[in-house]
Amino acid sequence: MEHIRTTKVEQVKLLDRFSTSNKSLTGTLYLTATHLLFIDSHQKETWILHHHIALVEKLALTTSGCPLVIQCKNFRIVHFIVPRERDCHDIYNSLLQLSKQAKYEDLYAFSYNPKQNDSERLQGWQLIDLAEEYKRMGVPNSNWQLSDANREYKICETYPRELYVPRIASKPIIVGSSKFRSKGRFPVLSYYHQNKEAAICRCSQPLSGFSARCLEDEHLLQAISKANPVNRYMYVMDTRPKHRMQSWWATQKDIGRIIVRISSKIWNDEKIRESDEKKRLNAMANRAAGKGYENEDNYSNIRFQFVGIENIHVMRSSLQKLLEVNGTKGLSVSDFYSGLESSGWLRHIKAVMDAAIFLAKAIMVENASVLVHCSDGWDRTSQVCSLGSLLLDSYYRTIKGFMVLIEKDWISFGHKFSERCGHLDGDPKEVSPVFTQFLECVWHLTEQFPQDFEFNEAFLLQIHEHIHSCQFGNFLGNCQKEREELKLKEKTYSLWPFLLDDQKKYLNPLYSSKSPKFAVLEPNTVSFNFKFWRNMYHQFDRTLHPRQSVFNIIMNMNEQNKQLEKDIKDLESKIKQRKNRQTDGILTKELLHSVHPESPTLKTSLCFKEQTLLPVNHALRTIEGSNPADNRYSEYAEEFSKSEPGVVSLEYGVARMTC
Amino acid sequence: MEFSELIRTGRAQAKLLRGPEAPPLRGTLCVTGHHLLLSPGPQATSDLWLLLLRRVDSIEKRVSGDSGTITLRCKDLRVLQLDIEGVEATLDIARSIEALSSLESVITSFPFFYRPKGLRLGDAWHFHPPERYYKRVARETNAWRLSEVNEDFSLCPSYPRAVIVPRAVDDDALARCARFRQGGRFPVLSYHHAPSGTVLLRSSQPLTGPQKRRCAEDEELLRAALAGARPGARGFILDTRSAQAAKQARVTGGGTEAKAAYPGWKRLHRPLERGWPLQESFVRLVEACGDLEQSMDRWLSQLEACHWLAHVKEALSTACLAAQGVGREGACVLVHGAEGTDSTLLVTSLAQLILDPSSRTMAGFQELVEREWIQAGHPFQLRCAHSAFSHARPKHEAPTFLLFLDCVWQLGRQFPLSLEFGEGLLLALFEHAYASPFGTFLCSSEKERCLCEVRTRTHSLWSGLNQPKEQRKLRNPLYVPNPLAIWPSVELQTLRLWQGLFLRWIRPPEPSEVAWEKVWQIVTDKKTEGCEPTVSASEPRL
């Protein structure tokens, strides 16, 4: 609280960045310990969680006041105009302090209290049980076993305590392999395909240096391939771009020649662009630091596959460019598409998807086990493993299963959520939208397979909201060890039970649950299947969205159908009961008659009509990341039913569009 | 002329490839006067396959060894491949298809021979007569009258028999007006906005010429239109050309309304692309969609370079402007470009869709297409002679009507509950506008249709579409009548490529079709089981 100098400023204007009329909402701005709150003259509330704030900017003073622009991590951008510069300055400074916390203990999750007692809290944390999940996959079994090597986080600090490895891999082999792999992240099981008896494993890059090889690592890989009784061949997927690999080949073949080769390449080959040279040099530096690639000669029964997913820095600046382009209003066609192209964002999404498809195919078609790694094995590796499993196993396409998937491949295997999402005031170079990309890939899949997912887009958006909100403990910290040290299970709440309680909002009405467990998805990654995800990157820009929501209507109809079916069954059984008791037909008729006037059918149909017109947001209060009454989809219905958008006058000569 | 002269070979053995998803079909190939048939033989289970030859846009033949391959690119953007046994047969069939698909005579075209079961000739031609709408407006406003001045098409060959004009202007004045407008297209009422009492008008450009001629009757007509709306009403003349293009048109005898001559009217210029550039944009987009191997970057740059979405955006925003003038400002709006048969109709028809709830129903939309496109003289015969694949030198082709359908689709996406019809109807209209067994889109004007006796000798598309079995494909299951105007967003983040049309034959259609079917199931389930309680004024579909 010591950062807050002004708690309330009146007569503040809120501008809409996509509205062409220069109309604004006037209202009062409040600053609380956790939220920034704006209440306009219609009493509509806009809540912004401090942790969601990515950037605060104070622009040059204008005649109407001092502009304050706030960019949020959930892609909301608000533009306030504060009448007095002093107030603006105070708010600006407070927000600077409040949005960047130095300690975990100052994050919202540690003060957030949804009024649950300790046992409810504990139950919430036990909702997702990974041991249960491995059992569901079919491990441990005759080939795979639970290893206790990392029980005390002695071998790898960023892995979970419980790891599954091939049964024939002994502890010395594991220890040896872990010393050979970056950060000790040795190959472990991520997903086991019960039908094919093939496995997805994950690890980090080998520290092979210029000449080294590691027998234990080679043994462990052999063990993985032997754990697959059907196909002895396995794939090692390196998810990094190929050009690095090529430079590695250059180094590996003949160390004596590499310097000549690389330098001659750099200096003589005009075709190589400067960026490539840098990458080559980087790779050299990597190798000198003892990081690199497995030497193919040392590993038998292994096929190496390279898929080019760029690193976190490329992804960060790509998203930055994307947002810059799309933040402008009145874009021309060429601005929009050349911006989309030069940002490279969709190209990166396609690369991740292609990698996951390769992985799924290797298992489905060739029956081969696959080992996935990138550099540290917590960014690209998590993306590829989780997406691959999602393609293979329909369980992960359910609401509960998707939670399990995130919990397994992202949280437990040490995707550095706190650093990647910038939860604390830290190194901005560690921030990267890796998880956002994963969600976007899933969204693209839901677009291609509208019937195969139990959840809808709102579910993905809600999860995205909460990886940044710091309201729940799930995504705090960078690995399990750190989370245990923070005592998150005692001090904070888990997100999942809240989402599950609310699951009605996240259901996909078109979902057909009948598909078999191993119904594999085969997405088509031809370029035109990738679209700009407007509902993510413009989720708060209401004028850009469809004005009517199909989703609510279908959902309501679906509900109603189910209710009606139930009613019919109830009535039928009642009739049967009566008939059994009294064989008098007239009485039965009377019963039917008396039921009719207040039959539930009538009630549901009335409900249906109200719901389509009114926002259904009351239930959101406890869970919404940044605010209780957030303006999302459901409000379009309201907006629409109210009236047409604001009027703009058709001035002489200059006619402006309303929307 | 006999078709048999053009058919060089009767039949051949062939294999048909229908795109990536459908299985190939083997059988006997046969060319008839209007169709290409493939009969799988008596023992086969699959049905006869049939292609209307007019649907073929371009044909490409290749021979190797003793067999040949013909690639047919259709006007509905489908690409078919025929593998034919025998080099001679291949060449003969290719030549026959080439000759038959490019016949220009209207009265020998298939609609004059098409006699489907269950439909009676002449049945549906009274489905959506514009007179009905005009009579209603005349009755309601008292300021407008139905004129028979064009009964014999002498005043304006591209207008229908019935035109609606201000009551204060007599037929002689109309005749003089017609001489002052290109092609005789004097200003007529396009839409009457009942809530504000104002009207949307359309015409062609005035023939002011380099001498800046004036026409007292034309000025009087527009003055009467303003007076009819409301005393002191303002008007906007929406010219769909740039100010410069309008000025240049004076050299060739055209021009635009002089400010001084039309008090109360204010001119706005909103240039819309037409003609060849629009066709080229269409061709380039289709080309880009056909390339499955291209990288993401190339796809995006192609999408940008073809500029199709820019045309969609321009058309929608100009229509919004017109709608805004009529619906919000209480002003009369006159729309015209040069001939007044292309972009003019695009703007007036879209503006009505935005403003008028009744034009968003199934019947209302068909009526709108009939009144504002077919009867209003959009030259379908010329504009839709070829689609995106033709190598022939283009003459008058332009996908203006397709652009209209795309804009409607964008509206439907932004207001998914407000249109009674679905994507299926738009796709059907696109298909039939380019090649059809029905007579509705034949010819370029009502006059030509009368000469060819289209009404009595062909079937109407509307009767074909309104058969009960077609409804599930064409209707929007989620339709709820919406009494308000639907103002679309024209930001590029909102506009999208119409994949259902441009990628219709390229990507597998199953997932979206299955989803559509599922929505239908959910909706009809509810309707049938809900019984009486769900029937109410707001849900008329039972």
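Just so it is clear, glycine is given a Cβ too, placed from its N, Cα and C backbone atoms.
As the structure is a computational prediction, the values presented were derived from the model and not from experiment.
Quick look at what TrEMBL annotates:
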type: ACT_SITE; residues: A:Cys374; note: active site, phosphocysteine intermediate
type: BINDING; residues: A:Asn311, A:Ile312, A:Cys374, A:Ser375, A:Asp376, A:Gly377, A:Trp378, A:Asp379, A:Arg380; note: substrate binding site
type: COILED; residues: A:554-581; note: coiled coil
type: DOMAIN; residues: A:124-537; note: domain 'Myotubularin phosphatase'
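In the structure as shown, the Cβ atom of A:Arg380 (substrate binding site) sits within 10 Å of 29 other Cβ atoms. A:Asp376 (substrate binding site) falls outside any helix or strand according to DSSP and counts as coil.
Binding-site extent for substrate: residues A:Asn311, A:Ile312, A:Cys374, A:Ser375, A:Asp376, A:Gly377, A:Trp378, A:Asp379, A:Arg380, maximum pairwise Cα distance 12 Å (rounded to the nearest whole number). Around the Cβ of A:Cys374 (active site, phosphocysteine intermediate), the number of neighbouring Cβ atoms within 10 Å comes to 26. With a cut-off of 8 Å between CB atoms and residues at least 6 apart in sequence, the same chain places A:Thr158, A:Arg185, A:Ser204, A:Phe413, A:Gly414, A:His415, A:Lys416 near A:Trp378 (substrate binding site), listed in sequence order. Sequence-ordered, the extra residues of this chain that approach the substrate site, with Cβ no more than 8 Å from the Cβ center of A:Asn311, A:Ile312, A:Cys374, A:Ser375, A:Asp376, A:Gly377, A:Trp378, A:Asp379, A:Arg380, are A:Ser204, A:Thr239, A:Thr381, A:Val434. The number of other CB atoms found within 10 A of the CB of A:Asp376 (substrate binding site), across every protein chain shown, is 20. Mean pLDDT across the domain 'Myotubularin phosphatase' (A:124-537) comes to 85 in this model. The two recorded residues, A:Arg380 (substrate binding site) and the residue listed as 'active site, phosphocysteine intermediate', have Cα atoms 6 Å apart.
Every protein chain considered, the tally of other Cβ atoms within 10 Å of the Cβ of A:Asn311 (substrate binding site) stands at 17. Distance between Cα atoms for A:Cys374 (active site, phosphocysteine intermediate) and A:Asn311 (substrate binding site): 9 Å, as a whole number.
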